[in-house]
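Structure, as structure tokens:
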Amino acid sequence: MFERPASGERAVLVQLDLGQGAVDERLSELQLLATSAGATVEAVVRGRRAAPDSALFAGRGKVEEIAETLRVHDADLVIFNHALSPAQQRNLERALECRVIDRTALILDIFALRARSHEGKLQVELAQLQHLATRLVRGWTHLERQKGGIGLRGPGETQLETDRRLLGQRVKMLKTRLAQLGRQRQTRRRQRERRDVLSVSLVGYTNAGKSTLFNTLTKAGAYAADQLFATLDTTSRKLFVGGGNVVLSDTVGFIRDLPHALVAAFEATLEETASADVLLHVVDSASEDRDAQIEAVNQVLAEIGAGDVPQILVWNKIDLTRAAPAVERDDYGRIRRVFLSARTGEGLGLLRDALAEAAHDHASSASPGPEAGVTHAGAEAPAQAASSATSPDTASIQK
Ligand SMILES: Nc1nc2c(ncn2[C@@H]2O[C@H](COP(=O)(O)OP(=O)(O)OP(=O)(O)O)[C@@H](O)[C@H]2O)c(=O)[nH]1
Ligand SMILES: [Mg+2]
């Protein structure tokens with residue numbers, strides 16, 4: 001579906017335990033991120049520190065261990081699963097004599113690979129330039145330049161050697177252009193609102209199954225793959241459910257510690273999420289990292305001003321957990337959680353029911369405010385404690 005540059009860089013991953021928890025989950029996520037960017041993971045160096053070293057992030061001994069690992073595996077790239085300061089990155093590259101990138105650069109790189117729409121490309125370029133702006137001083141002169149490597153791909157790469165002034169101008173131009181596109185987007189959205197269509201956005205951690213669900217619901221053929229950030233551009237499709245019309249949008253997935261430059265650059269796209277009537281929060285219920293992922297998604301939602309948009313939790317991948325398809329309702333009778341499998345289609349009908357209810361309430365509500373979608377559902381659906389195969393982890397879900 002998209003061409004992938006055969007970069008085949010041989011990478012060594014570095015994961016330090018700084019006491020934030022979920023170290024194993026963070027590491028397997030980094031592995032998936034690196035593979036999604038086209039690298040082959042040759043080795044992993046792990047360590048533990050109370051706090052990052054100001055000059056090298058890791059300690060001296062650890063840096064030596066990384067150097068030795070690079071030699072043994074003949075690797076040419078080091079990826080830190082942390083945010084490195086420009087100075088730390090520069091010092092590490094000098095010490096290790098190879099390219100060192102951090103988690104932010106890696107994520108930006110994947111975004112550069114995936115961007116397809118005009119707006120998406122502009123957004124990625126803006127994020128890359130903003131990330132580069134602080135790092136511009138170093139240049140790449142102490143390294144052999146390698147076009148197309150991880151962290152150097154995408155529209156931002158051509159600006160690498162441009163001076164700050166030009167870079168500033170480009171950033172300004174991109175912002176203006178994106179603001180224009182944002183206004184057009186808003187106009188389209190208002191027209192939709194007038195037509196009384198319920199707008200529903202799929203949100204969730206990357207790889208949760210949003211695109212798969214989008215496809216089975218709309219048969220649209222959005223790109224779904226076992227890769228992080230397979231989807232970058234927002235795709236919307238109209239959907240007919242019993243209660244009325246729904247516009248369903250599939251969009252970029254979230255990840256913990258989403259780079260701020262990225263959040264800022266994707267403002268317009270994310271705004272679409274924030275202005276939805278209902279969010280379908282898709283969760284990979286089979287993931288060991290599930291609860292942390294839910295939390296990370298809710299955190300990003302709060303950051304982009306979507307913390308108050310009503311959510312229906314979609315407990316996806318029940319084919320892996322062997323949970324039964326079911327719904328859970330709140331005290332007002334609103335469906336708050338649906339157990340289903342986007343892959344096998346089990347429980348999909350229940351989600352359609354939930355959407356039909358929300359669409360019905362949206363159409364019949366007198367004041368179509370942002371929350372009109374599901375908040376009044378209780379009025380005509382009094383607490384029918386329906387088929388809730390309540391799982392033991394219900395308590396961990398607050399939203
Ligand atoms: N077993 C199982 N796998 C699923 C299910 N739904 C999705 N998947 C798989 O999970 C992987 C990710 O699915 P996507 O639909 O691309 O996930 P996404 O949330 O759109 O991911 P991004 O666009 O990368 O953020 C794919 O390999 C899917 O085949 C499901 O119900 N059961
Ligand atoms: Mg997707």
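Cβ atoms here come from the backbone N, Cα and C positions, even for glycine.
Unlike curated records, TrEMBL annotations are generated automatically.
Marked as GTP binding site by TrEMBL: 204-211, 229-233, 250-253, 316-319, 341-343. A coil conformation is recorded for N207 (GTP binding site) in the three-state DSSP classification, outside any helix or strand. For N207 (GTP binding site), the same-chain residues 6+ apart in sequence whose C-beta sits under 8 angstroms from its C-beta are L32, D226, Q227, L228, A230, G253, D284.
With a 10 A radius on its CB, T231 (Mg(2+) binding site) counts 22 other CB atoms from all the protein chains. Among the features that TrEMBL reports, Mg(2+) binding site is placed at S211, T231.
Look at TrEMBL and you will find 377-399 tagged as compositional bias 'Low complexity'.
The annotation domain 'Hflx-type G' is assigned in TrEMBL to 198-363.
Summarising the annotation, TrEMBL assigns region 'Disordered' to 361-399.
Averaged over the domain 'Hflx-type G' (198-363), the predicted model reaches a pLDDT of 88. Taking N207, K210, V252, K317 as the candidate binding-site residues, the subset whose CB lies under 6 angstroms from any atom of ligand 2 consists of K210. By the rule that a residue counts when its Cβ sits under 6 Å from some atom of ligand 1, the binding-site residues S211, A230, D233, K317 yield S211, A230, K317.
Taking a C-beta cut-off of under 8 Å and a sequence gap of six or more, G204 (GTP binding site) has these contacts in its own chain: K210, G253, F254, H281, V282, V283, D284, Q293, V297, V314.
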